[in-house]
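Asks: Here it is: the structure, laid out below.
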Amino acid sequence: MNSKIFAVLLLLALLSCVLSDQYCPKSSITACKKMNIRNDCCKDDDCTGGSWCCATPCGNFCKYPTDRPGGKRAAGGKSCKTGYVY
């Protein structure tokens, strides 16, 4: 009986996570000098602890998702490299 209750609670918790929309946070920076552009990540797998790889004017950084839209996830791709981009 206890295992059935636990299974139902676990299913409800997973369902609420899947149904809630998550976004990269909106960047407060609108522009960045080219010499300061740096990528800490290129894809979500480069980030730890449930954070996402999000694009900003100053590069890609690992950020925790938020429920407010406005940010942009990093596109990644073969041309993306970590470190300074200049």
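If you go along the chain as it appears here, the first residue is 1 and each next one adds 1.
Glycine is treated like the rest: Cβ placed from N, Cα and C.
OK, Swiss-Prot features for this one:
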type	residues	note
SIGNAL	1-20	signal peptide
DOMAIN	21-66	domain 'WAP'
DISULFID	C24-C54	disulfide bond
DISULFID	C32-C58	disulfide bond
DISULFID	C41-C53	disulfide bond
DISULFID	C42-C80	disulfide bond
DISULFID	C47-C62	disulfide bond
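Would you situate these features in the structure and describe their surroundings?
Replies: Taking all protein chains in view, 26 other C-beta atoms sit within 10 angstroms of the C-beta of C54 (disulfide bond).
Cβ neighbour count for C58 (disulfide bond) (all protein chains, 10 Å cutoff from its Cβ): 16.
All chains included, 23 other C-beta atoms sit within 10 angstroms of the C-beta of C41 (disulfide bond).
Residue density at C80 (disulfide bond): 18 other Cβ atoms are found within 10 A of its Cβ, drawing on all protein chains shown.
All protein chains included, C62 (disulfide bond) registers 17 other Cβ atoms within 10 Å of its own Cβ. Secondary structure from DSSP puts C62 (disulfide bond) in a beta strand.
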Asks: On the three-state reduction of DSSP, what should I expect for C54 (disulfide bond)?
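Replies: DSSP call for C54 (disulfide bond): strand.
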Asks: I need the CA-to-CA distance for C42 (disulfide bond) versus C62 (disulfide bond), whole Å please.
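Replies: Counting only the Cα atoms, the answer is 9 Å.
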Asks: Using DSSP with the three-state reduction, classify C47 (disulfide bond) as helix, strand or coil.
Replies: coil
